[in-house]
Every structure is written in C-alpha cells, then in structure tokens.
C-alpha cells in the first residue's frame, strides 16, 4: 500500500511539472498547429514570444495583483480577458475556455486562444514580453537550425 501511495505522489509531481519544450520542438509544434504566418506573424516571432513569456513552460502561471488576474501557460494568456479561472473579477473569457486548458502539455488549446488574441486590433502587441524582447529585432535565431 505504501508503494502505491509513493508511486502516486511521484506521478503527481511529474504531472504538476508540465512540459518544458525544447526550442525546435516548439517551433515544429507551432508550425504543425498553423501559427507560421498566421495573421502575418512569423514562426520565429511566436517562438520568441513563448521564450520570454514562459521559457517554453506549459505550466507557467503569473498572478497579477492589480486586477487579480493570472497569466496561464506557454503564451501566458490572461484570465481577465481570454480564459475563465473562476476567480478573476469581471473576466471576459473571449476564448471561451477554462484557463486550466492552457496549462496542458498538448498546446492545441493555447494555440487556438493565441490565434483569437492576435485577431484583435492590438495583434501580437498584446504581449508585453513580445514588445520588450522580440519587436523590431532579428528573431531568426529562435527557429535557426530547426528545419522549419
């Protein structure tokens, strides 16, 4: 019985960690999910965004005390506007998705929501990390050697 409990705890700790993508693995995944060139945004810009928002970590979260919202997942999608965490006051949930879905190792839901974010007039500029680290920079290094 102790062995079953210990095994359960070990598996739980592995699950909680989530997936941390390798750079090229993420580039290939984002390309397969249709982000390369989506709304005119290069694959390199998407990978740069993910690097600076979450360091390629699907389980990344960041609480924002000002509006009591939280950013979720590989793209750090915010609960005030885009997803529902059941806690953020006045949440919009424009992606019509649970914020927990943005923390999955399978990032298809996160990509779908990111596509919704960039369909707004602000586009990819909605992400502060993209503006601070990727905008008007040579981002080709983020897909270099990835064969994409």
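Note that Cβ sites are derived from N, Cα and C of the backbone, with glycine treated the same way.
Swiss-Prot lists 1-18 with the feature signal peptide, giving similarity to another entry as the kind of evidence. Per Swiss-Prot, domain 'C-type lysozyme' is recorded for 19-148, and the stated evidence type is sequence analysis. According to Swiss-Prot, the feature disulfide bond maps to 24-146, 48-134, 83-99, 95-113. Sequence annotations record features per position, and here Swiss-Prot assigns active site to 53, 71.
Distance from the CA of residue 95 (disulfide bond) to the CA of residue 53 (active site) is 19 Å. Cα spacing between residue 113 (disulfide bond) and residue 83 (disulfide bond): 9 Å, rounded to the nearest whole number. For the domain 'C-type lysozyme' (19-148), DSSP puts the residue distribution at 54 helix, 14 strand, 62 coil. Comparing residue 99 (disulfide bond) with residue 134 (disulfide bond), their Cα atoms are 25 Å apart once rounded. For residue 95 (disulfide bond), the same-chain residues 6+ apart in sequence whose C-beta sits under 8 angstroms from its C-beta are 77, 82, 83, 112, 113, 116, 117. Looking at residue 71 (active site) and residue 146 (disulfide bond), their Cα atoms lie 28 Å from each other. Listed disulfide-bonded residues: 24, 48, 83, 99, 134; maximum Cβ neighbour count within 10 Å falls on 83.
Comparing residue 146 (disulfide bond) with residue 134 (disulfide bond), their Cα atoms are 18 Å apart once rounded. In terms of local Cβ density within 10 Å, 113 ranks first among the disulfide-bonded residues 113, 146. Averaged over the domain 'C-type lysozyme' (19-148), the predicted model has a pLDDT of 97.
For residue 48 (disulfide bond) paired with residue 24 (disulfide bond), the C-alpha to C-alpha distance reads 11 Å. Taking only the Cα positions, the spacing between residue 134 (disulfide bond) and residue 24 (disulfide bond) is 17 angstrom.
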